[in-house]
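Here is what Swiss-Prot records for this protein:
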- 10-14: region 'Mediates recruitment to ER membranes' (REGION)
- Asn30, Ala31, Gly32, Lys33, Thr34, Thr35, Lys131, Asp133, Ile172: GDP binding site (BINDING)
- Asn30, Gly32, Lys33, Thr34, Thr35, Lys131, Asp133, Ile172: GTP binding site (BINDING)
- Asp70: Mg(2+) binding site (BINDING)
Amino acid sequence: MFLVDWFYNMFLWLGFFKKEAKIVIIGLGNAGKTTLLHLLVTGSLKSHIPTLRPNAESFTYGNVNFKAYDLGGQQNLRFLWKQYVPDSKTIIVFMVDSSDYNSIIESKSEIHDILGDEHLSQSPLLILGSKCDAKGHHNRENLIDLLDIRRFELGLNNSNNVPFDLIMTSSITRYGITDMLNWLDKCTDIIKNN
């Protein structure tokens with residue numbers, strides 16, 4: 001078995017075939033979900049109107065092909081979130097506008113609903129503190145406290161065996177984007193091995 005894994009990893013490293021992963025990007029309206037996905041797909045920024053229907057795009061990072069679903073954050077569209085997470089191999093990316101206190105408090109409720117849901121809590125969850133370049137944004141430690149997630153073990157390899165973390169990002173300055181992509185890449189390896 002060791003030899004088979006070694007050859008498989010060698011072929012991956014050489015780029016003969018790529019891993020596949022599915023991510024669902026959710027969060028309240030105006031958190032930057034569509035802007036982030038556009039940046040990941042095209043490498044450029046563009047202004048967007050609120051997302052009214054699911055938007056599917058693909059992008060590649062390293063040797064992983066990601067199929068990403070950007071779902072609207074308006075209250076009347078949130079019922080879709082659960083429908084796009086069919087199994088524990090789907091990575092949930094929850095974006096929180098770190099510069100908007102009211103949005104953070106409302107996001108806290110949605111995040112705790114995910115963490116308390118028997119089905120969704122089995123999927124890896126990456127919270128992105130977006131707009132960390134904006135004046136008055138909350139830093140990572142502050143955001144962890146405001147979202148009341150300190151009691152949960154953060155990290156890729158936590159004792160729950162379900163990757164869960166918070167990374168600060170800015171689509172405008174690209175701060176944290178590489179950290180996010182590296183986390184997603186490593187997460188696909190963990191999912192594959194579970």
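Glycine residues also receive a Cβ, built from the backbone N, Cα and C atoms like all the rest.
Look at Thr35 (GTP binding site): DSSP puts it in a helix. Comparing local CB density within 10 A for the binding-site residues Lys33, Lys131, the maximum falls on Lys33.
Among the binding-site residues Lys33, Asp70, Asp133, the ones whose Cα sits within 10 Å of the Cα of Ile172 (GDP binding site) are Asp133, in sequence order.
The binding residues for GDP are recorded as Asn30, Ala31, Gly32, Lys33, Thr34, Thr35, Lys131, Asp133, Ile172; their greatest pairwise CA distance is 17 Å. Rounded to the nearest whole angstrom, the C-alpha distance between Gly32 (GDP binding site) and Asp70 (Mg(2+) binding site) is 10. Annotation for Asp70 (Mg(2+) binding site): same-chain Cβ neighbours under 8 Å, separated by at least 6 residues, are Ile25, Lys33, Thr34, Leu37, Thr51, Pro54, Asn55, Ala56, Glu57. Same-chain residues at least 6 positions away in sequence with a Cβ under 8 Å from that of Thr35 (GTP binding site) are, in sequence order, Leu45, Lys46, Ser47, His48, Ser171. Cβ contacts within 10 Å of Asn30 (GDP binding site), excluding its own Cβ and spanning all protein chains shown: 18.
In sequence order, Ser170, Ile172, Thr173, Tyr175 constitute the residues six or more apart from Asp133 (GTP binding site) in its chain with CB-CB distances below 8 Å. DSSP assigns Asn30 (GDP binding site) to coil in the three-state reduction, outside any helix or strand.
Listed binding-site residues: Gly32, Ile172; maximum Cβ neighbour count within 10 Å falls on Gly32. Under the DSSP three-state reduction, Asp70 (Mg(2+) binding site) is assigned to strand. Just so you know, the Cβ of Thr34 (GDP binding site) picks up 24 other Cβ atoms within 10 Å once every protein chain is counted.
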